[in-house]
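Scroll down for the structure; my scribbles are underneath it.
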Amino acid sequence: MTHSKGRPVTYKTSASPESGGGFVDWTLNLNTIQSDKFLNLLLSMVPVIYQKNQEDRHKKVNGIWQDGLSGAAQTFSKRSEPHLDYHEFSEQAFHSSSSGHTPASCSPKYDDYAGYNYCDGREASETTAMLQDEDLSSEGDDVIVETSQRIPKESSGVMALQILVPFLLAGFGTVSAGMVLDIVQHWEVFKNVTEVFILVPALLGLKGNLEMTLASRLSTAVNVGKMDSPIEKWNLIIGNLALKQVQATVVGFLAAVAAIILGWIPEGKYYLSHSILLCSSSVATAFIASLLQGIIMVGVIVGSKKTGINPDNVATPIAASFGDLITLAILAWISQGLYSCLETYYYISPLVCAFFLALTPIWIIIAAKHPATRTVLHSGWEPVITAMVISSIGGLILDTTVSDPNLVGIVVYTPVINGIGGNLVAIQASRISTYLHLHSIPGELPEEPKGCSYPFRTFFGSGVNNKSAQVLLLFVIPGHLIFLYTIHLMKSGHTSLTVVFVVVYLFAAVLQVFTLLWIADWMVHRFWRKGKDPDSFSIPYLTALGDLLGTALLALSFHFLWLIGDRDGDVGD
């Protein structure tokens, strides 16, 4: 094999004495490959999907299988030259020892996967492209083989401490969003164009569809060492941000269409001016909020990597910390401004919508230039759009509940219960996804001790994912108590904190998170077994289900409180 400069590429490995085999030195001179396609891949500096010939993969050199180096070669040496930058050549993502697929224990079943293209017959995704067996680069003269990377072991206490601050920040962000929604519900646009309430969960859910998915993908990339190279890192960041803007614009437009349809069904009334207003407000809000939050998210991921914090623990909560507040404030401001222009400057709304839609082809071109995000442009729409529809149904429940003057107090708590549930389940999904990327290959699950069936297997066990589920569930009650008391101190909402109200509210919150965590455990493993990337597919569904479950359980709680006569302060006064 040669790099772009035409020099031969060699593998150099040496084992430590502790490995039991003494020092061994293998030098493998690979055949020169002259191919324009290969050189283009080297020059692109972006991880790509390709299929490696099984004959080359299992070529026997000096009596030793390349794919089956003995256990004596578990520690590999690097040659460092000051004028060269090296990129890694690693198989840790799909062939880690804990899955039973160690190089020294190749079986016929494992050999079948050696030449397998993980995109054939399966849903390709950005992380799939990012985590293939080998990365090719043109920056170094040598290809270096490294041992499998592992996330440092963390106790439940360390995990809880890392999650605590981002969790509280995210919680206070949702509290702020709830208080803002409690205020803006009295604005003219929310009173006269009630379909805006249907937009609220769908647009707030963009943090689950886009921001948290971005955070999870980049967290996985950091944990498996795919953002160590500055060029690879910025290629992934730029491609992901462009992709996210495409998705935000499309989802914003479709959310407006869903709000128009769901708002028309109950009463059968349709207003063209209101429809244009909804489309303009939704598209503009989705675009601006997604861009701001995406930039913040990239900063969080890069900062976590530099400080040595596991980004799986902090990225997804911080992605949502002020996301709800930013999105809701932008939606209220834009929709109210466009509503005030309906009579005198009626052409402003369609121009705003057309402007942001016209930018979509530019973002598509940028995202398509990066192979790691090009696949998501084709295969990543199903979960995003489906999640938007699910969140819109939750918005319809909110719109119907707010229409009842006795239940208007639900507004301030809706972003809180939805946001907290979505944040916690996104952390769990991101952690499970990283675990699977490090311990197995797509389509196969790692060997795990058999336990009881769902939902209890999620919470009972000694595995790292069991511990994280337990820790996250324990955050629910103290977290919500803090946020409820904060709302009470700010004198926001229309509901007094009676004992009965707190008990009923906490029961709904615990039931929501308990349900989401075991669904996440089942869903992430199911997507992995089907060869789909859980980072891109599971989190949109889970956060949308969190919105739907949270809104529905909260509405039932307020109905129950009203029926049993708990109207102190009055519920919904």
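Each Cβ is built from the backbone N, Cα and C atoms, and glycine gets one as well.
Quick look at what Swiss-Prot annotates:
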- 1-162: topological domain 'Extracellular' (TOPO_DOM)
- Ser137: phosphoserine (MOD_RES)
- Ser138: phosphoserine (MOD_RES)
- 163-183: transmembrane segment (TRANSMEM)
- 184-195: topological domain 'Cytoplasmic' (TOPO_DOM)
- 196-216: transmembrane segment (TRANSMEM)
- 217-245: topological domain 'Extracellular' (TOPO_DOM)
- 246-266: transmembrane segment (TRANSMEM)
- 267-282: topological domain 'Cytoplasmic' (TOPO_DOM)
- 283-303: transmembrane segment (TRANSMEM)
- 304-313: topological domain 'Extracellular' (TOPO_DOM)
- 314-334: transmembrane segment (TRANSMEM)
- 335-347: topological domain 'Cytoplasmic' (TOPO_DOM)
- 348-368: transmembrane segment (TRANSMEM)
- 369-376: topological domain 'Extracellular' (TOPO_DOM)
- 377-397: transmembrane segment (TRANSMEM)
- 398-406: topological domain 'Cytoplasmic' (TOPO_DOM)
- 407-427: transmembrane segment (TRANSMEM)
- 428-469: topological domain 'Extracellular' (TOPO_DOM)
- 470-490: transmembrane segment (TRANSMEM)
- 491-498: topological domain 'Cytoplasmic' (TOPO_DOM)
- 499-519: transmembrane segment (TRANSMEM)
- 520-543: topological domain 'Extracellular' (TOPO_DOM)
- 544-564: transmembrane segment (TRANSMEM)
- 565-573: topological domain 'Cytoplasmic' (TOPO_DOM)
**OP:** Could you give the residue numbers and ranges of same-chain residues that sit at least 6 residues beyond the transmembrane segment (348-368) on either side and whose C-beta is under 8 angstroms from one of its C-beta atoms?
**Re:** 238-239, 242-243, 245-246, 249-250, 253, 273, 276-277, 279-280, 283-284, 287, 334, 338, 341-342, 374, 376-377
Original post:
the transmembrane segment (407-427): which same-chain residues, six or more beyond its ends, come within Cβ distance under 8 Å?
Top reply: 163, 167, 170-171, 173-175, 177-179, 181-182, 185, 200-201, 204-205, 207-208, 212, 215-216, 312-313, 316-317, 319-320, 324, 328, 394, 398, 401, 468, 472, 475-476, 479-480, 483, 487, 492-495, 505, 508-509, 512-513, 516-517, 519-520, 539, 542-543, 546-547, 549-551, 553-555, 558-559, 562, 571-573
Subject >> Outside the transmembrane segment (196-216), six or more residues from its ends: residues with CB under 8 Å to it >> reply: 177, 181, 185, 189-190, 240, 244, 247-248, 251-252, 255-256, 258-259, 262-263, 278, 281-282, 285-286, 289-290, 293-294, 297, 300-301, 311-312, 315-316, 318-320, 323-324, 327-328, 331, 335, 383-384, 387-388, 391-392, 394-396, 398-399, 402, 414-415, 418-419, 422, 426, 429-430, 433, 535-536, 539-540, 542-544, 546-547, 551
Original post:
To the transmembrane segment (544-564), which of 246-266, 377-397, 470-490 is linked by the most Cβ pairs under 8 Å?
Top reply: 377-397
Original post:
When you scan the chain for residues with a C-beta under 8 Å from the transmembrane segment (499-519), skipping those not six or more beyond its ends, what do you find?
Top reply: 413, 417, 420-421, 424-425, 428, 454-455, 458-459, 469, 472-473, 476-477, 480-481, 484, 542, 545-546, 549-550, 553-554, 556-557, 560-561, 564, 566, 571
Subject >> Candidate ranges 163-183, 246-266, 283-303, 470-490 - greatest C-beta contact count to the transmembrane segment (377-397) (under 8 angstroms) >> reply: 246-266
**OP:** Return the stretch with the most CB pairs under 8 A relative to the transmembrane segment (470-490), choosing among 163-183, 246-266, 283-303.
**Re:** 163-183
Subject >> Tertiary contacts of the topological domain 'Extracellular' (304-313) (same chain, 6+ residues out, Cβ under 8 Å) >> reply: 151-152, 154, 159, 162-163, 166, 215-216, 218-220, 222-223, 227, 427, 430-431, 434
Subject >> Cβ-Cβ under 8 Å with the topological domain 'Cytoplasmic' (398-406): same-chain residues at least 6 beyond its ends >> reply: 185, 194-195, 197-198, 200-201, 262-263, 266, 414, 551, 555, 558, 562, 571-572
